[in-house]
Every structure is written in C-alpha cells, then in structure tokens.
C-alpha cells in the first residue's frame, strides 16, 4: 500500500448537528404529559406477545439501560414504567425537513447523515459570519424557537472531530475542538469513543495495549495497516486529528440488500431465521466491501399466499455489524403475526447509507 504524507487542513469550519433523542423528543413535544417519563419508540410487548424491537428511546429510559435495537420485551423488563409508542415516521420526516431548511439558511454545504443528523461546512457561509461557534449557537436557537426541540453541536476543522465534539456533551451540548486542542482531546479519549471504532476493533486494539488516543499514537502506521488494512491507515491519521473528507451536499442516498425466493416453502422458524442470517451476511459483506454503514434495517417477507410484508426499524446509530443487522432483522420477523404461513421470499436491506470504513457497534454508548 502506498503511504501518503500527513497533510492536515485546519482551515475549515465544520459543524455537526445531532438532534437529542429525536423521535422520542418529538413525541414529548407533542404530548407534554410524557415529560419526565421514560419513553420508548417501539412496539409495546404487552400488546404484541413480547415481539418487537426498540427503535430509540429518550434519556430517561436510557438511565435504565434501554437502548436502540434491544428487544421490546427486554426493554420492558428493565423499565416497566416506560411509555411505549409505535412511532410516526411521516411526522419525524416532516420535522427533519424543517430542521434541514434551518441549516440551509446558513450554508448550502449540508450533508445529511440521517433524518436527525448532519454536517455543515460554514467556512464560507451565507451570512458572512466568521465564528462557527456563533453559527452553531444560532442554529440551536432557531431549532428550539421554531421546532421546539434541542440538539447537540460539535464544531471543529474536520468532520471526524466535529462528530466527536457533538457526542461529547449531550443533550443540548456545544463543544468546540480547536486545531491546537485536538491532539490533547484525542489523547485523553478512550479508544471505544473514537467514531468508527467498533467492538471487534476495540478488542484487537486492547490486545495491543491501546486503551486511549495517547496509546494509539505509539503504534506504528504499518502495524495498524497490517492489522486492519485500509482502516488502519485511516485510524493512524485520525489519532493525529487528520481527516480531510469533504462535506458532500449532493450525497446520494442508496441501499444495500439481499433477497432470495425459495422453491420449497419455509415453515420452520429455524429455517426462516437461518435464511435471514444468510441474507444479513451477504448485506454485511457488501457494506463492508464498499466501506458503507447504514441506519435503517428492512425485512421483507412474502408468504405462501403471495401476501408481502415489509417492516423497517431505524436505529439510533449507523452500523455494518453482522450481529446487529441479523438480530434486528430476526426481531422484526418475530414481531410479524403470520407464522402459520409458509415463507416464499425473504429479503434484508440496509438503507440510510453513509461512507465509513469500519463496522460500527450500536452498543458502544
């Protein structure tokens, strides 16, 4: 592999905006009685015979260990007082578009990563404001005044650091990482907090004695490349605050999926879930080969009577981890109430894609 020189562009001004517990916050906004209560977006297991999966939850529910992609049954066991809401994705999408219009007042260089998250390049902005921190504060104020929701903002000179900054203090946080502060910030950061470093990579890095950004600085570039391939190349640079990926305003949304039709109908649950796993593995292989991660997992099932059901779950964080995608797809299947019919077709798809070169893990939070 060719090794390129370390070039660090610190002249840019990048903001990462991440809405706080977005789906649940929209529901709290529209129903004040929910304030202060744990709210879970997902099927109520008491009404579905224990089936269903958590899409997301508010911070009150997270205090009880509830998280995205957890089965609704386990979420209820951990937090029986929680209010379960099935979710209204049309409403969330409409609110998300309102927020996106606020972004565009400041810059056309907006890269939406999902319905509730985006990067903004405000180096050259429409209002001629030199301070990115001031713009981030104005955006937070506009969102609160017009949409009555809160968000967290991270400001730095590249997307990687801006994302880390927005995650640093939630909810309603605003964190700035200046070029002269980036190295100190990264050296103190636990390695599992590096955006893009998933559970398996953390385990490998721990075996190398890497537990913080400071530890990572001690590992030679070729060692990281030998261990992780292209990701090692990227990780070596990120440990030094280097990431020159542009904000892409014309980013094209795509999906990656795998679908199979069966000549012999599948009746046994074990057979169906085995085929779900095979489809999930093909999807994961394609995601990882193309350095993609996604946020929404879709399961498509066609039955012996040719009826077709398609159900999706949108997660809090992006992933290309097999265990996560496989688990969510199977949990979706468990939530369907057509188990007596034979299965003619199965499909697993991941949408809401974004560029990434390392499988993410939903459970790092």
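Using N, Cα and C of the backbone, Cβ positions are placed for all residues, glycine too.
For 117, the entry in TrEMBL reads active site. There are 23 other Cβ atoms within 10 Å of the Cβ belonging to residue 117 (active site).
Under a cutoff of 8 A between CB atoms, and with a sequence separation of 6+ in the same chain, the neighbours of residue 18 (Mg(2+) binding site) are 116, 117, 151, 152, 153, 154, 166, 167, 170. Here TrEMBL flags 18, 116 as Mg(2+) binding site.
The annotation domain 'UmuC' is assigned in TrEMBL to 14-198.
If you draw a 10 Å sphere around the CB of residue 23 (site 'Substrate discrimination'), it holds 27 other CB atoms from the protein chains shown. Annotation source TrEMBL lists site 'Substrate discrimination' at 23.
Other C-beta atoms found within 10 angstroms of the C-beta of residue 116 (Mg(2+) binding site) number 25, with every protein chain shown included. Mean predicted confidence for the domain 'UmuC' (14-198): the pLDDT average there is 94.
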